[in-house]
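Please read the structure below before turning to the comments.
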Amino acid sequence: MVAPGSVTSRLGSVFPFLLVLVDLQYEGAECGVNADVEKHLELGKKLLAAGQLADALSQFHAAVDGDPDNYIAYYRRATVFLAMGKSKAALPDLTKVIQLKMDFTAARLQRGHLLLKQGKLDEAEDDFKKVLKSNPSENEEKEAQSQLIKSDEMQRLRSQALNAFGSGDYTAAIAFLDKILEVCVWDAELRELRAECFIKEGEPRKAISDLKAASKLKNDNTEAFYKISTLYYQLGDHELSLSEVRECLKLDQDHKRCFAHYKQVKKLNKLIESAEELIRDGRYTDATSKYESVMKTEPSIAEYTVRSKERICHCFSKDEKPVEAIRVCSEVLQMEPDNVNALKDRAEAYLIEEMYDEAIQDYETAQEHNENDQQIREGLEKAQRLLKQSQKRDYYKILGVKRNAKKQEIIKAYRKLALQWHPDNFQNEEEKKKAEKKFIDIAAAKEVLSDPEMRKKFDDGEDPLDAESQQGGGGNPFHRSWNSWQGFNPFSSGGPFRFKFHFN
């Protein structure tokens, strides 16, 4: 149940509260209604006062059905419609009241209010003038005179708005229309005119807001739905564009412009949905191809080019193609320097390329625009660890492989280097010591990078063979001497070592 106070507030916002009181206190007996109709009217009045609008409406429906010539039944039903925000339904009832009882000034005054809000200024003025000629109460007379002055002001502003629009002064036209629409809030034509001004001024989202209101205020407003759809499309919001153009076709399935636009939006939407599904499945190369098709399908709207390149940048980054990712992400960032998604994806590509300073810079820029993003925070911490790590021992550099190298590449590089730096190949004592140190590093790199768990730790900026990195200090239990590597077979894939190194 709605509280009576809230109903009073809603009623008062629609028309003068005094008129509601007139309605509620008006005695139905004056119409000579039968007992059943009188019962419905009285019960409906009580329900309305209690805020039970739907139940009150049912009672007044019954009263109208029971006595189609009862002006009080129509008037009270109009009151409920207005309280429910259904002004379109209230207007015919008020007109019926006036037809049945020409001197019912309360109904005529209420209708004048509605007509004024709809922007039907001539009709509203006619009602207010007739109220003044019908022996109104003091309050009704004041209200009618006030509304006549307001209507006259709206006429003047409308003329100024149309002149400004015609001369191409859209800023002035908007200023005039703003004032009119504070009063004529339900005028669909004026909202459509202001939407055109917003479009001319490069403010499409404000235009959409007015057009959405116009689509509700005017029945079968296919033109509004078409314009909303095209505006969303130009903004790059293909999903909302598709939704709005479908509303147009629901009203008129043969609407030529809506149907042509529908086919274009649907084609683009299908490509984008397919590309996103491929990304979710990890099929980044195929997704890239789809987004290239998006750019070819709609080359004239820059928004689709930017969004497509943003997603291609993401695909290259996730597919560990850092050179391509950096190139495309940079193209996006030239157009949108604050694009957080492109900054994150380029930062990840920089990490693969071991460009840690650049990665840190991108993460920090992204964090300025989205400080609560956990992915950015973790990425920045990782980049900082890797920068610090790069200043120490880098197992990837030791083996001469990229950070995204496969295990097979790592083993191949290890075997080649282990053979090259085998200490038995060196006779000079100094060279042998250098080779021993080099061989230890090579073996350590192979041990870390060929083990998924140890490699992940290293990729996250932690050296699994460095006790200080793992424990914050102390000795290094994993730092091995040359003697500990004797018997290590660089050409074995696992199991007991059969190959022995021999020293003089």
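For all residues, glycine too, the Cβ spot is worked out from N, Cα and C.
Here's what Swiss-Prot has on this protein:
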MOD_RES   Ser274  phosphoserine
REGION    375-393  region 'Flexible linker'
REGION    451-481  region 'Disordered'
REPEAT    222-255  repeat 'TPR 6'
REPEAT    268-301  repeat 'TPR 7'
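Cβ neighbours of Ser274 (phosphoserine) (same chain, under 8 Å, six or more residues apart in sequence): Lys290. Averaged across the region 'Flexible linker' (375-393), the predicted model reaches a pLDDT of 89. Sequence-distant contacts of the repeat 'TPR 6' (222-255), counting only residues of its own chain at least 6 positions beyond either end whose CB sits under 8 Å from a CB of the stretch, comprise 192, 195, 199, 204-205, 207-208, 211-212, 214-215, 261-262, 264-266, 268-269, 272, 301, 303-304, 306-307. Residues 233-234, 236, 238-239, 242, 308-309, 311-312, 314-316, 318-319 of the same chain lie 6 or more positions beyond the ends of the repeat 'TPR 7' (268-301) yet place their CB under 8 Å from a CB of it. In this structure, Ser274 (phosphoserine) is part of a helix by DSSP.
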